[in-house]
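K.L.:
Right, I'll just put the structure down here and ask away after.
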Amino acid sequence: MSISVLGAGAFGTALAITLAQNGPVTLWARDADHAEEMQRTRENSRRLKGPRLPENISVTAEIALAARSETALLAVPMQRTGAFLAEHAGLLQSKTLVSCSKGIDLQTLQGPSALIRQFCPDAVPALLTGPSFAADIARGLPTALTLATPEDDEALQQALSTPSLRLYRTTDLTGAELGGALKNVYAIGAGVVIGAGLGDSARAALMTRSFAEMVRFAVAQGARPETLSGLSGFGDLVLTCTSPLSRNFRFGLALGAGEAFDPSVTVEGVATAKAVSILAEKRKIDMPVASMIAALTEARISVPEAVLTLLARPLKQE
Ligand SMILES: NC(=O)C1=CN([C@@H]2O[C@H](COP(=O)(O)OP(=O)(O)OC[C@H]3O[C@@H](n4cnc5c(N)ncnc54)[C@H](O)[C@@H]3O)[C@@H](O)[C@H]2O)C=CC1
Ligand SMILES: O=C(CO)COP(=O)(O)O
């Protein structure tokens, strides 16, 4: 099975590095200078400093070349995915398109699989999601992810598993997608808790109530609850709410501490918090934590006000 990775950020590069253990990989970067530099230096110094690109990764800025593969992994930020698919739909029809992005598109309030269906109706949508930092994957550290496909696709699972990357299959695209999208929102909240000095007990409480919200929201959209208990829900929530390697967590740390944060860093949870709070209101789903995080990121509320509001909610059964 020939494989391309579209998007040469940290995650796309790391996936290309691990998949190169199975055979040749084409890595597409939108910027021609960046592609040329990576092809020559065998490193992505802009987004993933350090790991070396194996010789069987071919880096190109020619999308038509990358689109020759049967399977393409999409690793562009969520809020750019719609525009990317719209621009390149003609080349991507009839492929298996595996989205590796985590989030909900603010413009359409849809996740990546719906965007693939909208722009490339003849493609097979799939998702690769779960707990993994690009740096860990690129270093060959053990990682496990969820591969979601509409039909149970063992061949794709085989093709995308490597000696250090273990994939588990599911056909629950909704659950896999929403687990990955929502955990980024709650990771911002966990960062705020720690950044504001509210303590580890408060973080554990926030993570637990966040998980309850995540399941409630996803099940209301048709997801299977057990998917959310897996790698793409519980697994990724734990990783991202507890590790300073997470950009969403670090963004929250800065917000909680009242410090500035580098705007060039990809923080998917900000737009997704807004999208989730809009969807929750529309569909009458109780999402107090996500809505509070949206309010915090939009500076509609301060950290002390958010804490007071959450603590003042009526007492109820767990
Ligand atoms: N970095 C990580 O550890 C992980 C990232 N992800 C997900 O992968 C997705 C991408 O994240 P990263 O690679 O980390 O981001 P990044 O910030 O490292 O890189 C983003 C890349 O996307 C490119 N890009 C931006 N707009 C584009 C467009 N319109 N067309 C084509 N390319 C465009 C940029 O040039 C840049 O190379 C996100 O949804 C993220 O949640 C998932 C798991 C782990
Ligand atoms: O998705 C990730 C880990 O699974 C990466 O998290 P951040 O985008 O917060 O860095």
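Using the three backbone atoms N, Cα and C, a Cβ is placed for every residue, glycine included.
Residues annotated as domain 'Glycerol-3-phosphate dehydrogenase NAD-dependent N-terminal' in TrEMBL: 3-152. Among the features that TrEMBL reports, NAD(+) binding site is placed at G7, A8, G9, A10, F11, G12, A134, R247. Annotated NADPH binding site per TrEMBL: F11, R30, K102, A134, R247, V265, E268, in sequence order. Here TrEMBL flags K102, G130, S132, K183, D236, S246, R247, N248 as sn-glycerol 3-phosphate binding site. The annotation substrate binding site is assigned in TrEMBL to K102, R247, N248. According to TrEMBL, the domain 'Glycerol-3-phosphate dehydrogenase NAD-dependent C-terminal' annotation covers 172-307. Residues annotated as active site, proton acceptor in TrEMBL: K183.
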K.L.:
As a test of reading the model: what is the averaged pLDDT for the domain 'Glycerol-3-phosphate dehydrogenase NAD-dependent C-terminal' (172-307)?
P.N.:
97
K.L.:
Of A10, F11, G12, R30, which binding-site residues are close to S132 (sn-glycerol 3-phosphate binding site), meaning a Cα within 10 Å of its Cα?
P.N.:
F11
K.L.:
Where E268 (NADPH binding site) and A134 (NAD(+) binding site) are concerned, what is their Cα separation in Å, rounded?
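P.N.:
Spelling it out, the Cα of E268 (NADPH binding site) and the Cα of A134 (NAD(+) binding site) are 15 Å apart.
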K.L.:
With the NAD(+) site defined by the record as G7, A8, G9, A10, F11, G12, A134, R247, how many Å span the farthest pair of C-alpha atoms?
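P.N.:
The NAD(+)-binding residues span at most 18 Å between Cα atoms.
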K.L.:
Starting from V265 (NADPH binding site), work out which of the binding-site residues listed here (G9, G130, R247) have their Cα within 10 Å, and give them in sequence order.
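P.N.:
The binding-site residues close to V265 (NADPH binding site) (Cα within 10 Å), listed in sequence order, are R247.
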K.L.:
Do you know which of the binding-site residues G130, K183, D236, S246, R247, V265 end up with C-beta under 6 Å from ligand 1?
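P.N.:
By the Cβ criterion, which requires under 6 Å to ligand 1, there are no hits.
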K.L.:
I'd like the number of other C-beta atoms within 10 A of the C-beta of V265 (NADPH binding site), please.
P.N.:
10
K.L.:
Centre the Cβ atoms of K102, R247, N248, go out 8 Å, and tell me which other residues of that chain have a Cβ in range of the substrate site.
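P.N.:
Apart from K102, R247, N248, the close residues are N184, A187, T240, S246, F249, F251, T266, V267, E268, G269.
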